[in-house]
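For reference, TrEMBL has these:
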type	residues	note
BINDING	Val88, Val224	FAD binding site
DOMAIN	262-276	domain 'Glucose-methanol-choline oxidoreductase N-terminal'
REGION	541-560	region 'Disordered'
COMPBIAS	550-560	compositional bias 'Acidic residues'
Amino acid sequence: MAIGTDEDARFDYVVVGAGTAGCLLADRLSATGASVCVLEAGGRDWSPLIHLPVGYVWNVHSRRLTWDYAVEPGPVVNRRFRLPQGKVLGGSSSINGLSHVRGQRQDYDDWAAAGNPGWSYLEILPYFMRSERKVGVGDDRFRGRSGSLHITDQDWSHPICDAFVNGLSELGIPLTDDYNGMVHTGGGYLQRAIHNGRRCSSARAFLKPAMQRPNVEVRTRAHVSRILFEGNRAVGVRCVRGGPRGREQTIRANREVILAAGAVSTPKLLQISGVGDRSLIESLGVPLVADLPGVGQNLQDHYRVRLVSRLRYVVSINEVVLSPRLISEFVKWMRGRPNVLSLSASMAYTYWRSRPEVERPDLEFVFAPASFRGGVVGLLDGWPGMTLGIWQGRPESRGSVQARTASPFDAPRIQPNYLTDERDQRVLIDGIRLGRKMMSTSALAPFVAQEEVPGDRYQTDEELLDFARETGATVYHVVGTCRMGPAYRRDSVVDHQLCVHGLQGLRVVDASIMPSLPSVNTNASTLMIAEKASDMILGLPPLHPADNLPGEDESLPGNA
C-alpha cells in the first residue's frame, strides 16, 4: 500500500510499465507482502478486441493501445513506417499475434558466453517453465504445467495449413510436435497464449490476480517524466497523469525503481533522466547522472517480408471474415467451439537454415490461410489467399534509440538500420527463395492459382532485395537497447543482475536487456527475464538449473 500523500507516495518497489514484464513483476514482488506501485502510460485493457484473439489485426494499429512510434529511413530501407509498441495494461502481450516461442538453446548460451553468468539455457529453462501452464502435448522435462500463462495448441484446422506442413518433408524439413521442448528445428503448428477462446496476456495472467492484493497499486495514464536520483541512487520517479498539461506527482521507492517500459521507452527514459551517452545528455540540457554510452544502442529487430498467393478450390479466412459466415464463427466462439475468431496471427511455422552449411536455423517462416490488401494488416483481400511471413532470426544489423528532446512526451528517434549488414541481405534473399519452394510443394501446389506478392517479375537477387526494401516491415521484436553485460564493456548498460552500471536502486527488466535477439518472437523470453529478475530482486537463490537435458540433433539434414 502507499505511504504518504498522493503528491509524495512511497512504495517498496516502483515498476515503470505494466507490459509483458511489468505485470509479472508486480505479481511476484507483491506476493511477498512488499508494496508495489505499477505506473502505466496507457489505459486499462477493457477493449473487447484485446481479449478476442483475432483482434490483434486492429489492436496493433490502434493509436489508443500503442505508442505512436515510427522508424527513421535508413541507408538501405529508406522508408519511414510505424513501430507499434503496446501502451495498455499488458503492453505488447495485449496486442501481439499471440505466438509463444522460446527460441533456440544456443540463443541463451550465447548470452552467458558474453559475460552474463546465470543466463545459459539450462539455467533459465526453469524460469520459462514457471510462468506457463502448457495444455496438451509437451515433455514435462521442458514444459511448465502449473503457471498462470495458459499455452495451448491450435484447435482449428484448415486444409491449406495441413498442406503447407505436409509439404515441408519434401524439402527435407522435419516436423516437431513441440518446438518449445527438446527439438526446436523444423516445422509444424504454432502454440498460442490463448485460454478458453480469449487472449491470455500478461495482464490477465499476472496483473489481475496481483491487483486483488492491498499492497498493489496500479496507476494508468501515468506518464513517467523522469527518474529521481539522490547521488547515484534512484529514489523514485516523477510522473504526469492526464497528458502533457496534467498534474505531476512524485512516487518514491524504498527499495528499487524497476524500468519495464520496453526496448524503446526504457532507454529514452534513462536518457531524459541523465543516464546515457554524455554528448547526448548534454545536448538534451539534462544534468548528467551516469555516462553510459550503451543506453539506446545495440537495437535489434526482425525485419519481415511476405509472400502472398491466390488460392483455388478452398475457402480461406478472407471469405469467412468478409461474408455472413462470420456470424456463425461468432456463435462458435460464444459456445467455446473452434472458430476463426480464436486464431493467432499465424497458424503454422518453420525454423530452418538459409543454406545447408549454416549450423542452426537462421530463418523463421510463419504461415496463415489469409492475406491482406497490399500487405497491410487489417484489410483482407477479396479473394482466397495465403501468406508466408519470412524474417532472419539473428540479424547482424544494429540500430539505436535516442531521445530528441528532454520532454517525456516527444517520441524518440528510432533508427533500426534494417539490412545494412550485407549478411542480413543474403539471408533474407535466401529466405524468399526457400519460401517460394515451401509455397510450391506438391502438397500445396494444387491449391495455388498464382503468386500475387512479390510476383513473377521479382527473380534475381537484386530484384528480391528491392522487393524487401520496398515492402518489408518490423515484426515488433525490438530488443537490446540496454544491453546486459560486464561493466568493462562500454556498450553494456546493466549487469547480469540487471542492475544499471554505476547506480544503485535501479534495474531494467524488459526486452531491452537482451544482449542479442533470440531467433524467434520475443514475448516468451521477456516473461522469462521477468521471472528470473523477480528472484534476483527478492534475493532468492536461483531456481535449480535443469539437468543436462538432451538437445536436438545438430546433424539434422540441410536445406533442399
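Positions of Cβ are set from backbone N, Cα and C atoms, glycine also.
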Q. Relative to the Cβ of Val88 (FAD binding site), which residues of the same chain, six or more apart in sequence, are found under 8 Å away?
A. Glu40, Gly42, Gly43, Arg44, Asp45, Ser47, Ile50, Arg64, Leu65, Thr66, Ser94, Ile95
Q) So for Val224 (FAD binding site), how many other CB atoms are inside 10 Å of its CB? A) 24
Q) Under DSSP, the domain 'Glucose-methanol-choline oxidoreductase N-terminal' (262-276) has how many residues in helix, strand and coil? A) 11 helix, 2 strand, 2 coil
Q.
Can you work out the mean pLDDT of the predicted model over the domain 'Glucose-methanol-choline oxidoreductase N-terminal' (262-276)?
A. 99
